[in-house]
Amino acid sequence: MKRGKAKADAPKKADGRLSVKKGAERTGKKPRKAKADKDPNMPKRPPSAFFVFMEEFRKSFKEKNPNNKSVSVVGKAAGDKWKSLSEAEKAPYVAKAAKFKTEYTKKVAAYNKKQSGGGSRDADDEDESEKSSSEVNDDDDEEGSGEEEDDDE
């Protein structure tokens, strides 16, 4: 019986698909920078006009469709409704969004001012508290060592 060449016996051809190199296998590229940690005290960005509209729309949509549990359906319906609104109908949402944005800019300005000016004061306070606690510990150690000597005598 003649046997044809098995797939294992056939010479391997280069795969026509592109290979994706990950992690350390990357060559010739700069390593990615790690993301900076987010400050939890930083003010949250204000919602856009669409998201202001979404808050109101979600309530009315849930009243009309109480059995709907899908977030995507609500989002699609809201997007369609938003697109169909005229500029006059969108105006109140745009005005609210502008109001939120002005409040946000004030909060960010105060936050930045606190970060630049107040940050150095906080560090000084921490240094003082560390000094005072170490001084207290030093005093305790001295008193404790004196008592030990008295016990030995």
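One-based numbering along the chain as shown.
Placed from the backbone N, Cα and C atoms, the Cβ positions cover glycine too.
Heads up, TrEMBL stuff is auto-annotated, nobody curated it.
Now, the feature entries from TrEMBL:
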DNA_BIND  43-112  DNA-binding region
COMPBIAS  1-42  compositional bias 'Basic and acidic residues'
COMPBIAS  78-89  compositional bias 'Basic and acidic residues'
COMPBIAS  136-153  compositional bias 'Acidic residues'
DOMAIN    43-112  domain 'HMG box'
REGION    1-47  region 'Disordered'
REGION    61-89  region 'Disordered'
REGION    105-153  region 'Disordered'
The DNA-binding region (43-112) [mean pLDDT, rounded to integer]: 94
Tally of DSSP helical, extended and coil residues in the domain 'HMG box' (43-112): 56 helix, 0 strand, 14 coil
